[in-house]
Amino acid sequence: MSETTSILIKDTTILSDKIKKASILIVDNTIEEISNDLSVTDASKVIDGTNKITMPGLVNTHSHVAMTLLRGVGDDEELQTWLNDYIWPKEAKLDEKLVYAGSKLAMAEMIKTGTTTFNDMYFYMEETAKAVEESGIRGVLGYGMIDLFDDEKRKQEIKATKNLIKNSHNTANGRVQVAVAPHAPYTCSKELLSESKKLANKHNLKLHIHVSETQQEVNDLEKQRNQTPFEYLDSIDLLDENTIAAHGVWTTDNEMKLLKEKQVSISHNPSSNMKLASGIAPVSKYIKNDINVAIGTDGVSSNNNLDMFSEMKLTALLQKVNTMNAKTLPAQATFNMATENGARALGINTGSIKEGKLADIVLVNMNVPHMIPVRNPLSNIIYSALGSDVDTVICDGQLLLEDKKLLTINEEDAIYDAKLAAQQL
């Protein structure tokens, strides 16, 4: 990894809560100064920011990164068939080496498309932590616990999470954080859910869970418990400001009140929800109710990539057509979802370009045909940009990508290893 301790991004268009032209000085892992008076002698490394939009690194709040190995598996199936007949049988063959290879490939893809932080739930997470440490990205990692209402399995799952906390939490200079990650109300017993929250509270960790992804899930729980998923989770004290609920597609007005009151964050996954025909999450309604909504890609096999630029555009367009109102979810609100809202959900001091924030920064090339003319840089980022327009990525003050070249990952090796790993599944 680069030894650079100071970086100057010179004369660039900065996109954060407002648009301005200035230079940015990074010292160690922090944005030290934003000014027009900075000189090339102020830093040991200077990056030319002209013809670039400089923006916060994107925050992917729901992923299963090692599922890169399952790209193209189970296409065109609805969720339960997709899980039961395609995904879970292949996941049963996973081991440490395969998860590491899949994670490394995902890091390469995420860095090259401007993601600097991701919130992940999967298996063999120590291997993903290792890939995070090596690649320089930032990850919140949870072991996906599923007990299928079996007592012995519950004990094993809690033990696995405790081991992950012990081995990986707050490692890699703080870039690896651990979350407690019970999979979903329909795969986890009440006891596992309760123990998960106690564990999260004890260690002051985030709790990451799938909730109300499909109508079937909601209907089944209502039949069993006479409660909707969020009502059920609230009844066992699972909801608070440290809860990140992935999907939240089928949410009632009463649940909206609960989510606002408990300050729960929602991770919206538009590509996945569309591909699996799960439904359209009521994002504009969440925002009207002052609920923090961020964006996630979900796993590659229900997307089928990790490009957060695609997710931003889909998020905006889907809400506009769903409400039949073109003014719904304007570009700034969408941008905030993929940056500062995600950072808020994860409790990380990033998501905007301001002095004192962590230096997680992406430079996007404006000088390409589909970005010209640049009348409004914000509009271009949401509606025109592609992940492949990312030119430079800095995370925690370290250069991870420069001139589109990965600096911390050998891309050829990552691709080769992932191809071999995928063959074993």
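The backbone N, Cα and C atoms fix where each Cβ goes, glycine too.
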Checklist outcome for this item: Given that Swiss-Prot records H62, H64, H210 as binding Zn(2+), the matching residue among D147, D150, D290, D298 is D298
Checklist entry - H62, H64, H183, H210: which of these binding-site residues has the sparsest Cβ neighbourhood within 10 Å? => result H183
Item to check | Listed binding-site residues H62, H64, D298, filtered to Cα within 10 Å of H183 (substrate binding site) | outcome: none
Next on the checklist: For E91, E213, D298, listed as binding-site residues, tell me which one has the smallest number of other Cβ atoms within 10 Å.
Outcome noted: E91
Checklist outcome for this item: In the three-state DSSP scheme, E91 (substrate binding site) belongs to helix
Checklist outcome for this item: E91 (substrate binding site) to H64 (Zn(2+) binding site), Cα to Cα, whole Å, comes out at 12
Next on the checklist: Other residues near the Zn(2+) site, CB within 8 A of the CB centroid of H62, H64, H210, D298?
Outcome noted: S63, M121, A246, H247, S267, N269, S272, G296, G299
